[in-house]
Amino acid sequence: MNDFIIAPSILSADFARLGEEVDNVLKAGADIIHFDVMDNHYVPNLTIGPMVCKALRKHGVTAEIDVHLMVKPVDRMIGDFIEAGASIITFHPEASEHIDRSLQMIKDGGCKAGLVFNPATPLHYLKHVLDKVDMVLLMSVNPGFGGQSFIPGTLDKLREARALIDASGYDIRLEVDGGVSEKNIAEIARAGADTFVAGSAIFGKEDYKDVIDTMRKELASVR
Ligand SMILES: O=C(CO)[C@@H](O)[C@H](O)COP(=O)(O)O
Ligand SMILES: [Fe+2]
């Protein structure tokens, strides 16, 4: 896997041609697929569930599927996504009654586990579960919709999260989600992110390879 991971969010893909869209974006150089699950309860939008994840696997997708759960309660969905072929499952700490248990359920199912932090959610939820976390995802927009603008304060939070992860000694990826594009990806990487979710910036363009190549060129200037 690349040092920097580009994870297109299929929220901005054409759902009527989802299998083809995923194939195309992977062929264009994406590393993994970001899969946004919204329940119209934890967030004010409704998207896709485990059946769609399973369908992508059946279609032949072998890349990692990074499932971002924006649902409450969380635990009921974890088993279904493990069974559906998820590779990484992340959830928001406010949406789980028992964060340690939810993380353990994901790990027991053989998936990588992660916590997602909304722009105003403090990082302290991490402190006692660092050993169970493979991914820290910082939201750089309020969750619920694609196509929003990157909240600049996320850069400081990324620096804080990077320091915390490095000090922990654990192998934890730092992902950022919301308003990421070829224009700001280098600055975001310099703040400490290594995994980049981008929905509208990729699927909003005709040529996915061109955007992903530009993102990689920008990232190459960072390291
Ligand atoms: O989780 C979410 C939104 O809640 C994201 O994954 C969005 O889908 C990102 O879309 P862009 O901001 O990149 O358009
Ligand atoms: Fe997401």
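Yeah, the Cβs are placed from backbone N, Cα and C, and that goes for glycine too.
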Check your understanding: To which of D166, D171, D177, D194 does TrEMBL also attribute binding of divalent metal cation at the site defined by H34, D36, H68?
Key -> D177
Study note, to complete from the structure: H34 (divalent metal cation binding site) to D177 (active site, proton donor), Cα to Cα, whole Å, comes out at 10
Review point. Taking only the recorded positions G144, G146, D177, G179, S200, which have a CB closer than 6 angstroms to any atom that belongs to ligand 2?
Key: D177
Revision key, fill the gap. Whole-number Å distance separating the Cα atoms of S9 (substrate binding site) and D177 (active site, proton donor) is 9
Check your understanding: Where D177 (active site, proton donor) and G146 (substrate binding site) are concerned, what is their Cα separation in Å, rounded?
Key -> 10
Check your understanding: Which Cβ among the binding-site residues (G144, G146, G179) has the fewest C-beta neighbours inside 10 Å?
Key -> G144
